[in-house]
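See structure below.
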Amino acid sequence: MLPVVVVHGGAGHIPKERAELSTIGVKEAARTGYAILQKGGSAMDAVVEAVALMENNPGFNAGQGSVLNVKGEVEMDAMVMDGRTLDSGAVSAVRRIANPVQLARLVMEKTKHLCLTAEGASKFARSMGVPEVPEESLITDYAKMRWKKNLQPDANPVECQMGKMGTVGAVAVDKDGNIACATSTGGMINKMEGRVGDTPCVGCGGYADNNIGAVSPTGHGEAIMKVTLSRLVLFHMEQGKTPEEASDLALTYMKERVDGLGGVVVVDPKGTWTAWFNSLQMSWAAAQQGELHYGLYRGEHFVEPVQEKI
């Protein structure tokens, strides 16, 4: 069953004209992560590369396609976690960084801290030789259009945020049985300057533990934080539930308790995985045993060979 990688590209309602882009993007990310695992690469290598690929895809709300804050600027959050040691690294409200997930990994590997924010994260990036990119390179016409639309007094940013290409994430188990997760996002559309969501918070925007499994979520950040969604899924798995059962219990609780919708990708140490959501859609893909699984709507599950036919 090993290795395995599962990725998501955001939960909610994805407009028809962008649905195909989202599906292509998650399939490519899963293939990339799986290729790394097949060559003996670590779960951490796989999830970081899979997420970085989606950050470079302007179709997702991360990196290059990030949504804009109320001032029309890009502020991004990202995190990684290593299930072997429970080490984690995160960045929040970072600007002018092409791949926040790679910076989050540097925080984990090169500092004694778990999370760096805003200007402090930027200073650290410079000290690590991470190049700054022009803010304009991270802003798409689509993000600008949605930003202007949500400046209207009667706009509902939470409703508008749900999906429309969302937060990206990945979980993986490598050939050695080590587990990792990574999550990255541009946050909530038209958010207040300095707002930090669930993504960089351990137990909310991700969790990985070799003894239990790994989770990367997507949805309304404030709702995810209130129920510490990622750790809640793993709590149910510790009680003997399968990844699918645990995900369903945790997402149902989030809906009933704080009226939050979302989704998760989950894997356990044996390689059992799920992509589970209670929103209308969530783009997801998984690679395992030479097969690529993917879907967009609830109940949708397509399978094809990982190796694309030439």
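Each Cβ is built from the backbone N, Cα and C atoms, and glycine gets one as well.
Quick look at what TrEMBL annotates:
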| type | residues | note |
| --- | --- | --- |
| ACT_SITE | Thr167 | active site, nucleophile |
| BINDING | Arg195, Val196, Gly197, Asp198, Thr218, Gly219, His220, Gly221 | substrate binding site |
Other CB atoms within 10 A, centred on Gly221 (substrate binding site): 28
Distance [Cα-Cα, Å, rounded] between Thr218 (substrate binding site) and Thr167 (active site, nucleophile): 6
Rounded to the nearest Å - Cα separation of Gly197 (substrate binding site) and Thr167 (active site, nucleophile): 11
Separation of alpha carbons, Thr167 (active site, nucleophile) and Gly221 (substrate binding site) (Å): 10
Recorded substrate site residues Arg195, Val196, Gly197, Asp198, Thr218, Gly219, His220, Gly221, farthest C-alpha pair in Å: 17
Closest of Arg195, Val196, Gly219, His220 to Thr167 (active site, nucleophile), Cα positions, binding-site residues only: Gly219
Listed in sequence order, residues with CB under 8 A of Asp198 (substrate binding site) and six or more positions away: Cys204, Gly205, Pro217, Gly221, Glu222, Ile224, Met225, Leu229
Largest tally of Cβ atoms lying within 10 Å of a Cβ, found at which of the binding-site residues Gly197, Gly219: Gly219
Cβ neighbours of Thr218 (substrate binding site) where a neighbour is any other Cβ within 10 Å: 34
Count of other CB atoms lying within 10 Å of the CB belonging to Arg195 (substrate binding site): 17
Val196 (substrate binding site): tally of other CB atoms within 10 A of its CB: 20
